[in-house]
Amino acid sequence: MSGPATWRCLRSGRTTMTTESVAPKTPASTNGGPAAAPVDVAATVDRLRRTFATGRTRDIEWRKRQLLQLQKLMEENEAALAAALADDLDRNPFEAYIADIATTAGEAKFAAKNLRRWTRRKHVLLELPQLPGRGWIEYEPFGTVLIIGAWNYPFYLTLGPAVGAIAAGNAVILKPSEMAPASSHLMAELVPRYLDRDAIAVVEGDGSVSQELIAQGLDRVMFTGGTEIGRKVYEGAAPHLTPVTLELGGKSPVIVAADADIDVAAKRIAWMKLLNAGQTCVAPDYVLADVKIRDELVDKIGAAITKFRSQDRAGMRIVNQRQFDRLKGYLSGKDGRITVGGDCDASTLRIQPTVVVDPDLDGPLMCNEIFGPILPVVTAQNLDDAIRFVNARPKPLAAYLFTKSRATRERVIKEVPAGGMLVNHLAFQVSTAKLPFGGVGTSGMGAYHGRFGFEEFSHRKSVLTKPTRPDVSRFIYPPYTERAFKMARKLF
């Protein structure tokens with residue numbers, strides 16, 4: 001399974017871009033909506049920098065008010081937010097609520113509740129040579145930061161990271177994706193209505209606007225999207241030595257061991273693959289099924305898809321023509337054995353949820369992040385085979401395992417590198433504020449959520465204070481004596 005074809009795939013350099021928020025575009029909206037009004041990027045950045053310089057955003061009460069106002073924004077505008085998500089992504093109200101609205105409101109509420117504890121000085125116990133003295137870590141904001149959001153969860157992946165940035169005391173520029181224009185326009189309307197408009201601003205526009213913002217030499221940039229565009233963000237930030245957080249993607253595998261609960265595994269895999277039409281960075285990209293249970297798993301995933309989408313036989317809407325054509329191209333080569341779905345409707349940009357068994361390991365389905373409602377199922381001869389296959393590829397943003405065995409669980413946790421891992425479910429590792437969410441290698445750098453988001457947008461300043469009397473450091477002053485040398489050897 002993991003032979004030479006895998007390595008040819010990796011050498012080919014083919015990748016899928018899942019966002020277009022940095023690559024230059026024409027002024028018109030990608031989805032056909034009205035173009036965003038022109039914005040003076042330099043003036044906006046200057047306004048926020050001047051606000052930060054006043055010290056307003058450092059005030060703990062100010063931060064808490066902004067966080068509670070963000071929670072209020074999400075809760076008071078649920079219907080409008082859901083309508084924008086339906087317009088951009090054909091999202092139903094339930095999925096809009098759990099995936100964008102409740103998650104963002106919950107992040108803001110959690111941060112407001114814990115803010116004072118997070119901002120406290122973190123005192124450390126000093127070594128003997130440093131005594132007398134006191135040392136601690138002081139959390140201070142970077143300054144004016146930029147958050148470039150993604151189109152697939154336009155509120156959660158833009159306002160969610162903003163929670164950490166606000167909690168840390170920064171001035172924040174939000175750049176929503178132009179590929180979700182209804183959500184972008186609504187965010188631009190609501191944010192200044194609820195939040196401090198001189199410290200938190202929404203800047204709409206295409207990729208050229210993102211490039212212009214990065215070129216301002218901001219104090220930190222966070223980007224969520226595809227790996228190739230992430231590289232462009234990194235390159236744009238490098239001349240200014242701007243630190244970056246990159247939440248990218250990759251091919252997140254699901255290993256289903258022979259002892260797994262197949263009924264539950266099938267339902268959970270199908271559920272997450274169908275959420276948002278598979279356009280999710282932590283969606284199961286492919287399944288590695290033990291040969292002993294592969295056929296049963298394939299049948300039950302198919303049954304779950306049929307049940308979950310019985311009212312939606314026409315297929316799932318893809319965000320735009322470009323992404324539709326890419327996914328349709330993956331299916332046009334008759335790669336592997338299709339057991340469910342396979343049909344596409346170009347007039348409505350809809351693709352049926354599709355299961356493909358044992359596709360070509362050197363083909364497009366296994367060489368690109370799919371980011372759509374297509375699920376390859378690859379046969380693994382055993383657990384060793386599955387682990388080798390995953391580890392022969394770039395480190396994923398998420399790795400999943402279904403098993404009843406503690407030994408299997410511990411082995412996969414230890415042997416499979418990934419941004420995060422979840423056993424016996426999917427995606428829930430993203431929605432907890434108690435764990436960091438982030439990638440590794442080509443799936444990203446940095447992490448956020450909860451305290452981890454606060455720390456990601458904070459500079460950890462080392463502070464050491466010492467008394468002047470008695471002057472116990474006098475033995476280190478020249479001229480150096482033999483007695484001082486002996487004392488230094490004992491202390492250091």
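Glycine is no exception: its Cβ is also placed from the backbone N, Cα and C atoms.
Remember, predicted model here, so these are calculated numbers, not experimental data.
In the three-state DSSP reading, E247 (active site) counts as strand. Note: E247 (active site) has non-local neighbours L157, P161, M222, F223, T224, G225, C281, L397, F437, G438, G439, G444, G446, Y448, i.e. same-chain residues 6+ apart with C-beta under 8 A of its own C-beta. The feature active site is assigned by TrEMBL to E247 (among others).
The annotation active site is assigned in TrEMBL to C281 (among others). Taken residue by residue with DSSP, C281 (active site) is part of neither helix nor strand, so it is coil.
The compositional bias 'Polar residues' annotation in TrEMBL covers 13-32.
As annotated by TrEMBL, domain 'Aldehyde dehydrogenase' applies to 18-463. Along the domain 'Aldehyde dehydrogenase' (18-463), the predicted structure has mean pLDDT 95.
According to TrEMBL, the region 'Disordered' annotation covers 11-38.
The Cβ neighbour count for C281 (active site), using a 10 Å radius and every protein chain shown, is 31.
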